[in-house]
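S.K.: The following block contains the structure, expressed as structure tokens.
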Amino acid sequence: MSTSKSSKVRIRNFIGRIFSPSDKDKDRDDEMKPSSSAMDISQPYNTVHRVHVGYDGQKFSGLPQPWMDILLRDISLADQKKDPNAVVTALKFYAQSMKENEKTKFMTTNSVFTNSDDDDVDVQLTGQVTEHLRNLQCSNGSATSPSTSVSASSSSARPLTNGNNHLSTASSTDTSLSLSERNNVPSPAPVPYSESAPQLKTFTGETPKLHPRSPFPPQPPVLPQRSKTASAVATTTTNPTTSNGAPPPVPGSKGPPVPPKPSHLKIASSTVSSGCSSPQQYSSARSVGNSLSNGSVVSTTSSDGDVQLSNKENSNDKSVGDKNGNTTTNKTTVEPPPPEEPPVRVRASHREKLSDSEVLNQLREIVNPSNPLGKYEMKKQIGVGASGTVFVANVAGSTDVVAVKRMAFKTQPKKEMLLTEIKVMKQYRHPNLVNYIESYLVDADDLWVVMDYLEGGNLTDVVVKTELDEGQIAAVLQECLKALHFLHRHSIVHRDIKSDNVLLGMNGEVKLTDMGFCAQIQPGSKRDTVVGTPYWMSPEILNKKQYNYKVDIWSLGIMALEMIDGEPPYLRETPLKAIYLIAQNGKPEIKQRDRLSSEFNNFLDKCLVVDPDQRADTTELLAHPFLKKAKPLSSLIPYIRAVREK
């Protein structure tokens with residue numbers, strides 16, 4: 001037995017020596033190995049961390065911790081269970097609002113002509129919301145960075161079910177990202193808005209008895225900051241930005257390169273989810289297929305220069321009988337001619353953007369070539385923003401007062417859009433719009449844009465501090481509808497109707513301002529960009545559906561509620577909760593319905609229809625019986641003066 005075991009051991013040792021390298025071989029192999037430093041593996045770069053966010057029927061899971069904090073703070077677990085789809089809509093919408101800090105909107109616009117920048121996100125948030133974004137950092141690094149994108153099924157998709165519905169979140173650790181992009185964290189609740197107004201000369205005439213709005217009960221500081229508009233023109237917007245790129249080439253094609261896809265069709269399709277929105281982006285991601293189906297696969301061989309079809313053969317079969325009566329088949333292969341390359345279907349590209357020099361040349365053709373310093377005398381500064389400063393100015397030789405916006409043209413990020421809006425404002429004039437008067441370009445950089453000036457300030461001050469009756473509300477709505485009817489007739493959608501953008505003159509004039517969100521659409525067509533201010537926003541925009549001019553009608557109805565209650569619905573809620581409530585409830589509650597006339601209630605009902613196809617238009621509303629109650633505009637004068645005196 002021992003002899004057998006020792007024999008087996010010797011055999012194993014012998015076989016091991018045969019198949020094992022000798023020491024010399026090992027030394028030789030070690031010499032051929034590269035140095036350890038050359039084999040070092042570098043650290044990963046441009047990594048993307050994917051997190052799947054789902055809803056298990058009880059709560060959302062997988063959200064980065066900053067988003068979980070904001071979700072639990074603003075929306076209770078009961079509300080999350082009640083309507084998880086509305087929570088998803090609110091998260092996606094709120095995430096997009098973190099795109100970039102709010103910038104001055106005056107004369108910085110989404111072009112009302114065809115422009116690839118129109119599909120970016122332009123939703124306003126309060127200054128406090130965006131200011132906190134710079135100061136908050138995520139403790140979990142890139143994996144839970146608020147640059148995480150939250151994606152879910154669109155509003156038209158199936159309802160969420162347990163375990164089967166996921167959002168796709170991603171965060172990038174690219175070191176080239178700016179701090180503002182890395183630190184877009186959901187912000188704390190905004191602070192209450194101020195009710196202060198600039199002081200004007202004391203009014204000494206007899207003022208009729210007013211109905212001041214009763215003070216609000218003490219509330220936690222959750223109100224967004226309203227803009228302080230001392231005059232007509234200083235308002236704000238975010239400047240949209242887009243990235244350009246080209247679709248992948250068609251496989252097997254040697255044709256001309258496909259031109260870049262228009263940016264309003266281009267997306268970052270890094271996930272298979274139906275959308276991909278992030279705190280850095282305020283636009284919905286739409287899946288666009290870039291590949292073309294060519295039927296059969298074509299392979300080429302370079303040895304003989306012949307082209308062969310990989311899935312098709314043309315052959316002639318010939319049957320030949322042999323001596324034994326068996327039949328053999330000889331296949332004679334006929335080489336087909338080279339296949340014709342399928343034509344590449346190219347989308348019609350938009351016109352190329354103008355260069356800065358071309359914009360400057362066109363601007364010189366529009367502006368007044370003379371020197372404005374001899375015509376306008378600057379009196380005081382009434383507004384300042386990222387794009388420029390607004391002044392009140394007197395016109396030399398007259399008593400006219402105008403608003404002058406002065407901008408450093410060379411530093412404007414969207415020069416062509418600025419040029420386009422000047423062209424549009426010059427073309428479309430109406431008594432109920434804050435109209436463009438003229439413009440100047442001094443030393444090829446100092447751009448002056450002269451506009452109407454309304455000393456009465458905006459409607460917000462009046463509706464917050466006083467209480468208008470139905471006749472006065474009808475008068476304001478009638479003037480706004482005249483302006484909207486004019487814009488809609490020219491296929492222009494305002495997209496940001498609210499009391500902040502309605503300016504009042506000391507003689508009772510009512511004018512719409514802030515054309516920064518305007519967009520021109522072809523008759524019958526719709527848009528799907530997300531723009532406006534959330535509290536006044538229509539459900540179809542919030543749910544990122546296609547929309548048309550009916551969005552202005554919804555916002556007008558919300559502004560009517562604002563004149564009744566002193567604030568729009570959900571203003572006391574945090575932005576995320578407000579978006580959730582709009583998505584869940586649709587039509588807001590009319591708190592004082594019992595106190596309103598039947599005509600006013602019917603007017604509100606026609607404006608606040610969730611289905612835009614059933615919503616009234618300007619023609620129908622201008623003929624509505626409620627507007628027959630409109631008082632003369634002079635009835636607004638005592639209220640405007642009283643507010644300006646405080």
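Backbone N, Cα and C atoms are what each Cβ position is placed from, and that goes for glycine too.
Per Swiss-Prot, the features are:
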type	residues	note
REGION	19-40	region 'Disordered'
COMPBIAS	22-33	compositional bias 'Basic and acidic residues'
DOMAIN	41-54	domain 'CRIB'
REGION	136-345	region 'Disordered'
COMPBIAS	142-157	compositional bias 'Low complexity'
COMPBIAS	167-180	compositional bias 'Low complexity'
COMPBIAS	196-205	compositional bias 'Polar residues'
COMPBIAS	214-223	compositional bias 'Pro residues'
COMPBIAS	229-245	compositional bias 'Low complexity'
COMPBIAS	246-262	compositional bias 'Pro residues'
COMPBIAS	273-307	compositional bias 'Low complexity'
COMPBIAS	323-334	compositional bias 'Low complexity'
DOMAIN	376-627	domain 'Protein kinase'
BINDING	Ile382, Gly383, Val384, Gly385, Ala386, Ser387, Gly388, Thr389, Val390, Lys405	ATP binding site
ACT_SITE	Asp496	active site, proton acceptor
S.K.: Cα of the residue listed as 'active site, proton acceptor' to Cα of Val384 (ATP binding site): how many Å, rounded?
M.R.: 20
S.K.: Using a 10 Å radius around each Cβ and all protein chains in view, which of these binding-site residues has the most neighbours: Ile382, Val384?
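M.R.: The residue with the most neighbouring Cβ atoms within 10 Å is Ile382.
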S.K.: For Gly388 (ATP binding site), just count the other CB atoms lying within 10 A of its CB, please.
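M.R.: Taking every protein chain into account, the count is 25.
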S.K.: Where does Ile382 (ATP binding site) sit in the DSSP three-state scheme?
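M.R.: It is in a strand.
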S.K.: What does DSSP call Val390 (ATP binding site) in the simple three-state scheme?
M.R.: strand
